[in-house]
Amino acid sequence: MIAVINYGAGNLPNAVRALEYVQAPIEVVTDPAAVRAAQAVVLPGVGATADTMRSLREMGMDSAIREVIARGTPFLGICVGMQVLAEQSEEFGLHECLGLVPGTIRRFDQGLKVPQIGWNGVQHDGSALWDGIPNGAEFYFVHSYYLATDDVALVTGRTEYGLNFPAAIARDNITAVQFHPEKSGQWGLKLLGNWVELALSRGSGVGDRA
């Protein structure tokens with residue numbers, strides 16, 4: 001079973017429909033015990049990192065996420081679900097995040113229109129997550145903040161919006177994307193299908209490059 005964490009994020013129904021479309025064996029969960037028992041975990045999200053972290057802490061999900069990632073359970077973070085993996089966020093003040101990947105969530109430069117809303121191309125590294133997806137394929141973004149990290153090896157996909165920023169990251173069993181695959185048409189569904197296949201067949205190696 002793939003646990004999809006429900007903490008009140010607005011994009012949950014879209015994420016669920018997309019995962020069901022690619023025939024993922026999902027269960028929407030609010031109980032940390034269900035996350036700990038899952039074969040894989042998805043954290044969708046929209047909104048602010050501070051609000052998301054507050055909700056996760058109140059539910060006891062922050063510790064559950066750390067535990068399952070530490071023991072190798074495949075994990076997919078979407079949009080804010082990617083951002084909360086960072087060490088900290090500068091959104092509405094400095095806030096501590098899960099600290100599972102190196103970096104800080106920072107706002108786009110003041111001269112840019114934010115949030116970035118719409119389609120943008122992703123240059124990817126051709127790893128297994130991107131199998132069958134052309135380099136430069138467009139995905140749907142809605143965000144004002146991005147992951148700033150010095151860990152180049154962490155990044156599997158990049159996008160230009162005022163600067164070159166990480167659109168996707170992967171390490172060991174962690175995979176995360178800044179865009180919304182559930183709103184990104186055929187390539188978003190292809191990416192979700194790839195992740196589901198990797199998560200169910202390769203276990204803790206899902207985030208590895210291939």
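From the backbone N, Cα and C atoms, a Cβ is placed for every residue, glycine too.
According to Swiss-Prot, the protein has these features:
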- CYS79: active site, nucleophile (ACT_SITE)
- HIS180: active site (ACT_SITE)
- GLU182: active site (ACT_SITE)
- 1-205: domain 'Glutamine amidotransferase type-1' (DOMAIN)
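Counting Cβ atoms from all protein chains shown, GLU182 (active site) has 23 others lying within 10 Å of its own Cβ.
The Cβ of HIS180 has fewer other Cβ atoms within 10 Å than any other of the active-site residues CYS79, HIS180. Between HIS180 (active site) and the residue listed as 'active site, nucleophile', the C-alpha separation comes to 6 Å.
Under the three-state DSSP scheme, GLU182 (active site) falls in the helix class.
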